[in-house]
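Structure first, then comments.
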Amino acid sequence: MANGLKFSPRKTALALAVAVVCAWQSPVFAHGSEAHMVPLDKTLQEFGADVQWDDYAQMFTLIKDGAYVKVKPGAKTAIVNGKSLDLQVPVVMKEGKAWVSDTFINDVFQSGLDQTFQVEKRPHPLNSLSAAEISEAVTIVKTAPEFQPNTRFTEISLHEPDKAAVWAFALQGTPVDAPRTADVVMLDGKHVIEAVVDLQNKKILSWTPIKGAHGMVLLDDFVSVQNIINISSEFAEVLKKHGITDPGKVVTTPLTVGFFDGKDGLQQDARLLKVVSYLDTGDGNYWAHPIENLVAVVDLEAKKIIKIEEGPVIPVPMEPRPYDGRDRNAPAVKPLEITEPEGKNYTITGDTIHWQNWDFHLRLNSRVGPILSTVTYNDNGTKRQVMYEGSLGGMIVPYGDPDVGWYFKAYLDSGDYGMGTLTSPIVRGKDAPSNAVLLDETIADYTGKPTTIPGAVAIFERYAGPEYKHLEMGKPNVSTERRELVVRWISTVGNYDYIFDWVFHDNGTIGIDAGATGIEAVKGVLAKTMHDPSAKEDTRYGTLIDHNIVGTTHQHIYNFRLDLDVDGENNTLVAMDPEVKPNTAGGPRTSTMQVNQYTIDSEQKAAQKFDPGTIRLLSNTSKENRMGNPVSYQIIPYAGGTHPAATGAKFAPDEWIYHRLSFMDKQLWVTRYTRQSDIRKGNTRTVRPRYRPGPVREG
């Protein structure tokens, strides 16, 4: 290895992607048995560590998550953060390559404290693309004669193997023979291209231009828009109407334009963004200082403003409103320590998490964030299927204000911006408990370069109240503790920071908690209080939340795609509706409570608004529990019926967004699985049709 050679990291908790078998002239032993040796560079690269070799000192330096390791080939000890650590097996040099035992990662990076991270002997077929695989995918697509030099990359992700083969691996350990392949979505100007590449055989399997589609808003689009605004003399003149003479203090936010069938005067085949602006007053929170009723329409291909839309001039709210705490004195709190003195109750083997009776695979997608796959539950030694794959399918944040700066705002955060790309690193002790394990994740940026997001996902166990309690008179109390395992992910899209928790319960249930923090999207108004003359009109579409600031009425609709396989794939949607029936059995009662149970046998009937007074089950009618009832999972979309803004779409049926995203008007959609029905496939591009019947894909 050359001096200073550095391997890009992939994933914090990934220990080993492949097991390498090699013939040794002299066996290496650990704990009295022959050690299995693997290449140091590949193993540490897959684990997510930086590897450096010093020719002069003849020493490796390994750096990862605060662990700083120095180790020499042949040495029986390593130096970990300045302290000596005995090695079970030394680093071995053979034919110019360094080899380590497959226990090296646990020995060095866990330092004997716990065994949370375990070596993956057989790679899971759904493992995320490594940094090397991402780079290989880009190299392959660049060989296509159709590839253009200025092409940007929307997404580079794993092309999933056959579902049956993946389940066979998860349940029986049957290897998946299919070569590793990648889906590559590219943006050539305003043209979207989807390709599938074979990474093993280094060839392009398909190359498909997508007509009538718009690509995602990429990170460099933000920079382009800001530059276009900064050099526009026309926009600078308009800013003067708002009392702003220095365009350098204006912060822009590029937004998708929506679809209004030409009524907004825009050409739908152009790659356009609408730009709303804020004034940086120096308080650290430009969101609180909107430049209201001013919208610039930017053509990303022409690199210029093609239209400026204006309304009545509203003074920019100038009162300082920092969000970093500089303007308040928070009360001091005493430390709250969470300790696990005997180690953690879960282990992470490669990308697979094992906790209590649960096993599931975890990876990060650049659009929808975490994807949990091959979820199983160990029922007294029997590994039972629960869910093949679950993830965010998409989300929509529509606003209800018709004014010039608001009517087009309906953010498709996942499909338009890529929520996985916008993953916010989690801070242990603040964003997640101090006992959380933080996982780094590697995805591709818009240039196709692999980039690692530190602390992208948090895993932690928590106390969740009593699981069971009963006190019988004259007998001792009986109580058991409830534990939960939480998979937390945060994505920051503009002003909002979305927090998603997948919560596993030791009683066999799974919950999804979704919410938002961050900063409210606000509108500048004339009114300071509700007693001002303009207050009623200013708050027609929102609520006055501070002087000259209105929080506009809007919705956050989260759509989750759950491919449930309850004890197999022979699943049926079953309804259980409580009913009041006349008492025909005699006695003083005139009525009874009964449950009407029936099968929902079509996708049209399965599309339903959630009624908390009913029960919906996904049942495997070919498998029974010990009482003879079909094994089932109850589906409970909590938001529907529990929040007035979440009961459905708050738009008239003739609105473009109502038809484009009709999933938001009902809380339950059920469809038969096909590979093509993967809702994320519709997220690879943004399409703007006026009408689209049925449950549709975001984007």
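The backbone N, Cα and C atoms fix where each Cβ goes, and this holds for glycine too.
Noted in TrEMBL for the protein shown:
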ACT_SITE  D413  active site, proton acceptor
ACT_SITE  Y496  active site, schiff-base intermediate with substrate
DOMAIN    34-110  domain 'Copper amine oxidase-like N-terminal'
DOMAIN    216-317  domain 'Copper amine oxidase N3-terminal'
DOMAIN    337-679  domain 'Copper amine oxidase catalytic'
MOD_RES   Y496  2',4',5'-topaquinone
REGION    680-699  region 'Disordered'
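Cα separation, D413 (active site, proton acceptor) to the residue listed as 'active site, schiff-base intermediate with substrate', rounded: 10 Å. Long-range Cβ contacts of the residue listed as 'active site, schiff-base intermediate with substrate' within its own chain (separation 6+, distance under 8 Å): V397, A516, T517, G518, I519, A521. Helix, strand and coil content of the domain 'Copper amine oxidase-like N-terminal' (34-110), in residues and according to DSSP, is 15 helix, 36 strand, 26 coil.
On the 0 to 100 pLDDT scale, the domain 'Copper amine oxidase-like N-terminal' (34-110) averages 84 in this prediction. Neighbour count (other Cβ atoms within 10 Å of the Cβ, all protein chains): 23 for the residue listed as 'active site, proton acceptor'.
Helix, strand and coil content of the domain 'Copper amine oxidase N3-terminal' (216-317), in residues and according to DSSP, is 27 helix, 31 strand, 44 coil. In three-state terms derived from DSSP, Y496 (active site, schiff-base intermediate with substrate) belongs to an extended strand segment.
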